[in-house]
Amino acid sequence: MDGAVMEGPLFLQSQRFGTKRWRKTWAVLYPASPHGVARLEFFDHKGSSSGGGRGSSRRLDCKVIRLAECVSVAPVAVESPPEPGAASFRLDTAQRSHLLAADAPSSAAWVQTLCQNAFPKGSWALAPAENPPKLSALEMLENSLYSPSWEGSQFWVTVQKTEAAERCGLHGSYVLRVEAERLTLLAPGAQRQILEPLLFWPYTLLRRYGRDKVMFSFEAGRRCPSGPGTFTFQTAQGNDIFQAVETAIHRQKIQGKAGQGQDVLRADSHEGEVADGKLASLAAPLELPGSPPALYSEPLDSLRIPPGPSQDSLYSDPLDSTPARAGEGTQLKKALYWDLCEHVQQKLIKAKLTDPKEDPIYDEPEGLAPATLRGLYDLPQEPKDAWWCQARVKEEGYELPYNPAMDDYAVPPPRSTKPFPAPKPQGLALSESGAATGSGSQGHSSDTALYSQVQKSGASGSWDCGLSGVVTDRTGAKSEGST
């Protein structure tokens, strides 16, 4: 029969229908032996573990944890402990995570004993040994300045189905390690105790990250080894992962600023040495006798100017104050640009006498040629309200000439009046010869109209076809009209 290494009361957190609650159990830890594997068993009460864990009472469902499947054992802090003064710790396996709690001394003892049996070859000791072994002269110690001060933490997660996860072939449970400069996804090996790195995401290539009560998610950039996309992990430690990532990014920013400050100090010291002349100048390259100096044999700032006839500047002294040299005579009294003006004038005269050459096609760059004058009909204007203008010139007040004497604009000229119609022709007059054949009256002149009066009949309401009313004939006698 197997002997228990440790046993005692433990609180086990369970979740049903979205509600978390603590359940008090009796836990028994068995080591690895020829009769069985190392395991942790849970019972309802203390009496159930008698007889090597084969009690008659009912055992809790699926509450046997094999330590070979254990990934990590670490103390954690919870918001609502099962009782005051209780300390919690998490036991992660390849399938799920278990949250356990006990009083503070018992919780530390459980963590230490579980680490001893689950990781026999690992560094599970929480406290330093009482008698540390003496180091020999040949052994080497790690440099604390070189090794990172923050090792990071590991979390057991389950990959959710996303486009990026399917592209990378991720499914199932993995271990997500939060390191100093990146996130690393570890896959348990064949022995379930060795974690193999599968993917990693540097913090500088993460676009965004966030957490929820039951998951942790981040969006990777296109330069990540996994490619762009969103990765979602189901875990109850989403808040812990988020805080660990945030702390790592903050540490990386501080280290980056410190590195930039050291670079600035180095650059300043280098410039100071150059300014003080402490840097030794490089010796000039040796030249073979008789060989001409190459064009690029020396740097630009160290090229030597060949000695000229005179080192004086052209405008170092005024023209009048330049002393005349012997043998030059009175030729130096000419103006400075005298020869230049004559040379230009001769060129202009020759250009006028010779035939002008045809201008090249690409005389001026595009966009710099002078704009051509627009013609009269280049900008036509569409006439509007032509029916209103009626082909008359539109004259407005501000377009008329201004008269300064009257402080007003000139009045437009009057328009031509409407032409009067021609006078109607007069009635036909009888000639004197016709008058003789008449009634024989000579009293009236021939200017009398033939129809002098036309009266409207009131009784019948119609016009007479002849003379209705009294008609005066040529003799001067009035007669009644007859129809």
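Glycine too: its Cβ is placed from the backbone N, Cα and C atoms.
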Which is it, of 225-258, 293-326, that Swiss-Prot names as region 'Disordered'? 293-326
Proximal but sequence-remote residues of the same chain as Ser416 (phosphoserine) (Cβ under 8 Å, at least 6 apart): none
Sort Ser416 (phosphoserine) into helix, strand or coil using the DSSP assignment. coil
Predicted model, mean pLDDT over the domain 'PH' (4-119): 80
